């Protein structure tokens, strides 16, 4: 026994992983190819994991056990057993944290749930495609504060961290549509068809042209005519100077060369320079004349003019005004009218082309000073120097940069440098007068004297598991719990559901003591090397476990990352390497869970990761923990052993020699045949030379032993039984023919396994509990499973059959003499039924009257009569009309019963021909009346006699034994006539094709039945002793369908889809099939083969699921004390006719046999069966007889039991395999699962097609229906059910019915009608009264609807009845209680509708007892939790179980282990599977604590200890010896010796 009672699973912290480890694995090397020794610091390092050779260090300095525990100073290896390499672990320290993929990819993701991230978001962070904000500080995004835990794309991160700027290239020669330094908005055109994608500051890059607008001014004269009056002293651009009344000319005041200065529009300033100068353009200015807009210039540039020459003209009515690009000031009016002096101001624009090697030194719109360098260049001559003060404008930039920035022009020194980060209000320049308005990064343009602050923020955001770990590290679970509890009060159901999921995870972490950050690995444990071995194969190559490849990949990447970090590699490379490390960790833990799996080089086989080692049929749980290979076992072909007793099996000598070797050694040593084990081993080495003394010793060894025989598949507990071994020659195991049915074995090459229970306790348990003779009744239905069959039935039936002659049948005679005379004359035969003096008899009974059975048997031996002839025999003073064979059979049974032979008449009826069922009833009667020993003896006697009789009867089949009925031809001709009529009606359009098809199928079904009846009538009337007929009638072999096909007609066949082919096979096998008929047959045959294969797999899986859901249900208490009961109706009343219909006897039996009554039942004979009594078969038969008067009985069922994870004896009732109250510790859950699953293969796969009838739908039947019910699935064709009690009101529309249910109280009537399609057939009429949950249409009811609209009881009864309907349709008998045990497990969970003041959350699914426990624990005045029942399918129910070990070994191993470790779940080891996995005794049967604590004592011991009284427990039948001492001793016969 292991000394622990609970097992807890939790997440390992990095510290715990290092604590497990014996050293760090730093290198990916495994073993040296030359020395074949492990490499240091590698995956097989002896310093870390221990020595390869027992008690020997790596260098060989220390050898032998005397140095145990010493660490070699040369090689560093500890001297110890090499077994340590199976459990010593290592570790790998990761260069960067990596997430555990189970907590990432589980649904819902545990890490994602805690951090409120979706699975996709979490994946983006972990695999380096998004940043996770770990510290937002004052960062803003889209005008709101950045949140912690928010995701940022690469671009978003760069924009927020370093500022966003985008460069837009303009096509060559395109003029910009915005100014340099202008703020632009998203969507604004920048130039050509280039549009800005963001708001921000636009800045030119590489302008191709620059234009400087120089501000010019000069004094000039404005000669106007005397009649023009100028009254202002200044004129603005565009202002009117004068309106002319007559023509005007302006003339040159002096001689000179004219130079024209453009002042915009057509206004000019004419400079007259000295013509005598060498270069007139450089000559002295003699005069300047201002010519306003509106005058026509009459002089050309560089023209020499004389004083008085016309410079410009204007016509009368013209307006003179100042040009728009100039203005006039200091207008002086002379005394003499006409010549006005003015100062003219104008802008002179000069354009400069900027080549690529040149660069602008000032910004667009900047003012320039005369002599200032405006454009720099490599070549000094290309530089642009300002000719005068002016303003520069830049044109045609190569590109425009738009950035989120603010530009500040400064005068004084800046107070910041490039790259500095500033916050709002920080000083930038001008002694603190210039301050930043935003957060950002500083860029200083010293040339333009600008400080540019690019909007960005100093915040923390990271990628990968490192970022996630930081958030998990900082999680405040208490605060988060408070926030989520608040969210649970939200009105939104969706928000509450989301909060509940998160709150469950938060509370799980709080209660378990796990820290959320442990879901991120800093250290990876390395499995012990002997669990991931590397072995040398032929050819010098190595075969290695996939894990080594995965570890090697991880170590390589880890080392490479460490190296790159040490070298200061670029961020991009390191990021990629970190992602690859995360993927390597993922592949090690669960290969293929994300992305494509890592495969073997050169093949498509994906490597088996740690997860693959656990899950699936070949995983650790199912392969190694639940199913272990055992020693002391053998396997061989089985052959029949007709000479064996029921409790015996034949074991080949050679096999026994090997199986019992240790015991044999001991006996040989005791006998002095050998002196030591070595000698004994040598003695047994050569089988052929084995001495007789060894065989004698072997006989002695096996004398009091039993062995277990097992045939796969073990579908129920009778698949393993104990037998006493008998040594036989040959190499085959011999099996008793009668146990074949339990094993489902036959002798066509079946093999069986044999096991030896080793300890005395195991031997005792096997002998008492598992001996074949002690398992005569089936646990599924309580009927004998060991019963005569095949040849045995044939022999006994032949013996006890009565011959019937037809010669002179029905003749009447006045007296016996006349009858005997007629016999002598041959008018009647010996066994002809005749009447003598009005009494029915036969000539044989008149002629042969024997005074004793011996006399009759002697007459048979003399050949006077046959065993089957009618005779009269005196027996115990009474004369019986019977046959010699029946008397002979009575004697056989009497001899078999031995000492109890006087009770033979309670078993044998001389009026019966013993066929299959009557023999079964006889075995059952013997079991009940005389017990196990007598029944086993009787069965052996029947076997011996049956085989002998069937042999000497000489019954065999020849082709002539298949007799065709004489009227078959007439029946077929009649059918053809009807067929012609149907076809004619169809041709005339009186019916649809569907109706024709249905009628044709029905016609041939009826005809086939008629032919079958004709076959049977022909056999029974004319050939009563026909071998084929005898075999069929006795139940030995062949059913009516097979006889029909042999001698009648094959009939209709099925298509592969299950529908019927309307062309029948008219021939029988005796006549032979035509080619077409043979072809049609092949359809059905193939479908049968395919169905069987599918059924076997589905049935096995169903059994596995059933065992899983119910394995913990064990009888744990005598009486749970419940007052609940279940009403079992014994019949139904037809609603329309009011007629009572009693249920079939077999149905009543499977419903109430072995149940505890909760109310008295009064029988018509005045007998009362009291409440509290368990119903025996006799009680059930009596109740069935009075079913109509009784109506219904009230019984306890497992559905009402209050015992947690089990049932009590009273609620369960009888153990059907013992026909007595169930024992404490009986694993009734497993028995239930096996009882339902074992016959699963017999169920059909068929979905009955209704031949395409509209609205008929497909009715799922057989195995798929059973699976559908146990999985609580929505049926394919679902019935609409009433949602309340009331009266049905139906309105008909074109395509549907509107159904409303009116309740008695108007307030409860349905407001909106149910819309029912006309394709669903209504089964209620307008005005019918219905109850909630009653179906309104054809189809199967959805059990969830029953639970919703009615109650738990209705759902339970429906599930039980529907499963039974399928089993009964196939003739399989299963007791209701087995189905109830499973249904109870499906309904053990509830959904919380309001948590009240408990810790339970709305929407949570928990076991019912948990809610009761939580509510009971509340102090007074607090609100208890409320709930509603939920129906879970068996798969869901198995996975929801409290036992994580059981759930993980069932399905979805990773999900179960993820959940359990997060919750720090404790397995209380209540069920069977958990204990099998841990190698503990299962808590059932003899392993149950209460049973193990019982002490078995004999009378003498009791007297010695002074016991005073003996009392018998009414329920268990166990005797208790009560005493004043606290440790009373009790005996339970079920487990005693």
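Cβ atoms are placed via backbone N, Cα and C, with glycine included.
Listed by Swiss-Prot as binding Zn(2+) 2 are 1201, 1208, 1211; the candidate from 926, 1120 that the record includes in that site is 1120. Here the binding-site residues are 57, 75, 1201, 1211; the one with the fewest Cβ atoms within 10 Å of its Cβ is 75.
What surrounds the Mg(2+) site, by Cβ distance within 8 Å of the Cβ centroid and not counting 746, 748, 750, is the set 638, 745, 747, 749 from the same chain. Take the Cα of residue 1120 (Zn(2+) 2 binding site) and measure to each of the binding-site residues 57, 59, 72, 748, 750: the nearest one is 750. In terms of local Cβ density within 10 Å, 1208 ranks first among the binding-site residues 72, 1208. Each of the binding-site residues 746, 748, 750 was ranked by the number of other C-beta atoms within 10 Å, and first place falls to 750. The highest number of surrounding Cβ atoms within 10 Å, among the binding-site residues 59, 1120, is found at 1120. DSSP gives residue 1120 (Zn(2+) 2 binding site) a coil state; it is part of no helix or strand. A distance of 62 Å separates the Cα atom of residue 1208 (Zn(2+) 2 binding site) from that of residue 72 (Zn(2+) 1 binding site). Rounded to a whole value, the Cα-Cα separation of residue 57 (Zn(2+) 1 binding site) and residue 1211 (Zn(2+) 2 binding site) is 64 Å. For the recorded Zn(2+) 1 site, residues 57, 59, 72, 75 set the reference point as the centre of their Cβ atoms, and the other residues of that chain within 8 Å of it by Cβ are 58, 60, 61, 62, 74, 76, 77. When the Cα of residue 748 (Mg(2+) binding site) is compared against those of the binding-site residues 59, 72, 1201, the shortest separation belongs to 1201. Distances between the Cα of residue 59 (Zn(2+) 1 binding site) and those of the binding-site residues 746, 750, 1201, 1211 are shortest for 750.
The Zn(2+) 2 site is set by 1120, 1201, 1208, 1211; from the centre of their CB atoms, other residues of the chain with a CB within 8 Å are 1117, 1119, 1122, 1196, 1198, 1200, 1202, 1203, 1207, 1209, 1210, 1212.
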